[in-house]
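**Student:** Dumping the structure here so I can ask a few things about it.
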């Protein structure tokens, strides 16, 4: 980032009023869940050391971007259409989409460092050059994505937080859906996959309230996977344990 504006307060003292105009107040955000699991393998540490910084979408964290300056997606992807995957797990789906759609750019956000390392290994193996990775809270990424800049978003097998008292931690709440709606273009597609019936219920209640239309016209529309789908390890676990996946497709409506 370039240097910020030079302030000249009287008598060398700081000027809180002037600073507040350039640096917004940092919101208080609770983060739930793990950020690290098993000990990383040596090759995974190599991926993190060598590949994570070059694949950054730009300054996202509050430490790196306290003014919350928007990312330049045109410069990042050469003007290509941009997609977003929220919580990419092991990265199977994200890399599949990147390889199948070389004409678009994809940003993935995932706070779990083991998943980030797995994705970086898959990106290296696929030689995908149209992926950028944010290893952190997607809410920080929402802050710096320009309004109406994302054409498609994916939320695939998110943490279900099954206990009722934890339902507010789910992604499908206004805290997450409202900023998602802000960064999606009109008519952008939002795909949600889950094997938890109560998560389906909450999704169908909350997502339309945030400015989306559910596109299902027949049961097959949510019972069958999308035509470009690749089954993930999370889905395979659900199937082995007898749970039924649901595939929900929404369209961002016009404001």
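Glycine is no exception: its Cβ is also placed from the backbone N, Cα and C atoms.
According to TrEMBL, the record shows the following:
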REGION    1-30  region 'Disordered'
BINDING   85, 110, 137, 159  S-adenosyl-L-methionine binding site
BINDING   163, 195, 232, 233, 234, 235  substrate binding site
**Student:** Restricting to the chain of residue 234 (substrate binding site) and a gap of 6 or more, list residues whose Cβ falls under 8 Å of its Cβ, or answer none.
**Tutor:** 89, 156, 157
**Student:** According to DSSP, folded down to helix, strand and coil, what is residue 85 (S-adenosyl-L-methionine binding site)?
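**Tutor:** Strand, per DSSP.
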**Student:** Cα of residue 85 (S-adenosyl-L-methionine binding site) to Cα of residue 232 (substrate binding site): how many Å, rounded?
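**Tutor:** Here the two Cα atoms lie 14 Å apart.
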**Student:** Let me spell it out: for each of the binding-site residues (110, 159, 195, 235), count the other Cβ atoms within 10 Å of that residue's Cβ, using every protein chain shown. Which one has the most?
**Tutor:** 110
**Student:** By Cβ count within 10 Å, point out the most packed of the binding-site residues listed: 85, 137.
**Tutor:** 85
**Student:** Output, ordered by sequence, the same-chain residues six or more apart from residue 233 (substrate binding site) with a CB under 8 Å from its CB, or 'none'.
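**Tutor:** Set apart from residue 233 (substrate binding site) by at least 6 residues yet with Cβ under 8 Å, we have 89, 90, 92.
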**Student:** Compare the Cα of residue 195 (substrate binding site) against each of the binding-site residues 110, 137, 159 and report the nearest.
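**Tutor:** Given the candidates 110, 137, 159, the nearest one is 159.
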**Student:** Return the residues near residue 232 (substrate binding site), defined as same-chain residues 6+ apart in sequence whose C-beta is under 8 angstroms from its C-beta, sorted by sequence, else 'none'.
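**Tutor:** Looking at Cβ-Cβ distances below 8 Å from residue 232 (substrate binding site), excluding near sequence neighbours, one finds 89, 90, 92, 93, 156, 157.
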**Student:** Measuring Cα to Cα, how far is residue 163 (substrate binding site) from residue 137 (S-adenosyl-L-methionine binding site) in Å?
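**Tutor:** With distance taken Cα to Cα, residue 137 (S-adenosyl-L-methionine binding site) is 22 Å from residue 163 (substrate binding site).
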**Student:** Given the binding-site residues 110, 137, 159, find the one whose Cα is closest in space to the Cα of residue 235 (substrate binding site).
**Tutor:** 159
**Student:** Would you work out the biggest C-alpha to C-alpha distance among 85, 110, 137, 159, the residues that bind S-adenosyl-L-methionine according to the record, and give it in angstrom as a whole number?
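**Tutor:** Comparing all Cα pairs, the maximum is 14 Å.
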**Student:** Starting from the S-adenosyl-L-methionine site formed by 85, 110, 137, 159, give every other residue of that chain whose CB sits within 8 Å of the mean position of their CB atoms, in sequence order.
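**Tutor:** Counting only non-site residues, the set is 86, 87, 88, 109, 111, 112, 138, 158.
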**Student:** What is the number of other Cβ atoms found within 10 Å of the Cβ of residue 163 (substrate binding site)?
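**Tutor:** Its Cβ shell of radius 10 Å holds 8 other Cβ atoms.
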**Student:** According to DSSP, which kind of secondary structure is residue 110 (S-adenosyl-L-methionine binding site) found in, if we only use helix, strand and coil?
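**Tutor:** Where residue 110 (S-adenosyl-L-methionine binding site) sits, the three-state DSSP reduction gives coil.
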